[in-house]
Amino acid sequence: MTGERPSTALPDRRWGPRILGFWGGCRVWVFAAIFLLLSLAASWSKAENDFGLVQPLVTMEQLLWVSGRQIGSVDTFRIPLITATPRGTLLAFAEARKMSSSDEGAKFIALRRSMDQGSTWSPTAFIVNDGDVPDGLNLGAVVSDVETGVVFLFYSLCAHKAGCQVASTMLVWSKDDGVSWSTPRNLSLDIGTEVFAPGPGSGIQKQREPRKGRLIVCGHGTLERDGVFCLLSDDHGASWRYGSGVSGIPYGQPKQENDFNPDECQPYELPDGSVVINARNQNNYHCHCRIVLRSYDACDTLRPRDVTFDPELVDPVVAAGAVVTSSGIVFFSNPAHPEFRVNLTLRWSFSNGTSWRKETVQLWPGPSGYSSLATLEGSMDGEEQAPQLYVLYEKGRNHYTESISVAKISVYGTL
């Protein structure tokens, strides 16, 4: 039996060029597909991660309120809140304390609006008036529903039990970007009469799962229910309930210096869908710095094991501002001093707040107190705009209660 010899015949010319052409064409298509994917990835990266562009620059600042009976015979303006509505209107709020600078006493809620990205502001409107009660309203937190466009504003009544017995959590809302407001709604039938001091600052609406679309407003209590906890709504603000919170230690008892006592707080959502709550460290437990809580179930629960402290965020026991941009930049503002309310400073993080950039922006070296942050991003009047950050804060030359000022900051440092 003889074996077959290897063929020495030339390849069939009818098939060779076609086969080579086929594979050559495949290579072209493969390279084209790779190029397209890389281009898309680059575009996505540019859209999703703008960290290399960040050079915050203050482009404008103006006083919105001045204390000392210069506006509507109001003694003191305090507790600034600022938000950008889904339509791009800026709303700035403050407590207008009628007779004194005290946290107690009668007040208005003052509002100014801007429809041109903070260049001009409407005259002051007083949208809530508590009369002449001895322990009046206290702001507060503001949150918008991006699906309905409704803006919700929360405040408390009788939070200090000074000349009154029953506390209430109150709610007003606007469907026209703050032009008009509802009559106040008392939430006591839904959530009870335990003291809940919302904010001060902004609530959030979850943009990611879990519980995408949920409205979250966080705050703190007093001795009857101390610590930090949040109000939640899954029906666009029609009903509200509490999630569980993190209590102070010792619970329900007066606190001493260095006891654990989380207080005024500001939530924001991270890209993984978790919620961070940056809180005032009322009794300087562990450090003269901020308490950081984190929830992985849209604030249904806050667990002690998810409580940390941020030594980089030195703090003199104050309400601070915090906000995150759509690309994941976390901004934080406070008087950056371990003891005194001075040196209002803006910081930012590219790592979800686990570390902070060495660069900072000092907004005011002198007396400065509470602050609130808001961003405007995306298209404005049909044109794509670079992101803008707004800081509404208490500012003075001798004392931080002298005025409330708004600073506009270009995130990319462009004019």
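Here the Cβ of each residue, glycine as well, is placed from N, Cα and C on the backbone.
For the ranges 96-99, 284-287, 360-363, 412-415, the feature annotated in Swiss-Prot as motif 'Internalization signal' maps to 412-415. Looking at 25-28, 77-80, 213-216, the range tied to motif 'FRIP motif' in Swiss-Prot is 77-80. Comparing Arg341 (substrate binding site) with Tyr370 (active site, nucleophile), their Cα atoms are 9 Å apart once rounded. As a summary of secondary structure, the repeat 'BNR 2' (172-183) carries 0 helix, 3 strand, 9 coil according to DSSP.
Comparing the recorded positions Asp103, Glu264, Glu394 by how many other C-beta atoms lie within 10 angstroms of each C-beta, the top residue is Glu394. If one looks beyond the repeat 'BNR 4' (347-358) by at least 6 residues along the same chain, the residues whose Cβ comes under 8 Å of a Cβ in the stretch are 51, 54, 56, 270-271, 276, 278, 292, 310, 312-313, 328-333, 336. Residue annotation for substrate gives Arg78, Arg97, Glu264, Arg280, Arg341. The furthest Cα pair among them is separated by 23 Å. Sequence-distant neighbours of Tyr370 (active site, nucleophile) (same chain, 6+ residues apart, CB-CB distance under 8 A): Arg78, Ile79, Pro80, Pro200, Val318, Ala319, Ala320, Tyr393, Glu394. Arg97 (substrate binding site) sits 8 Å from Asp103 (active site, proton acceptor), counting Cα to Cα.
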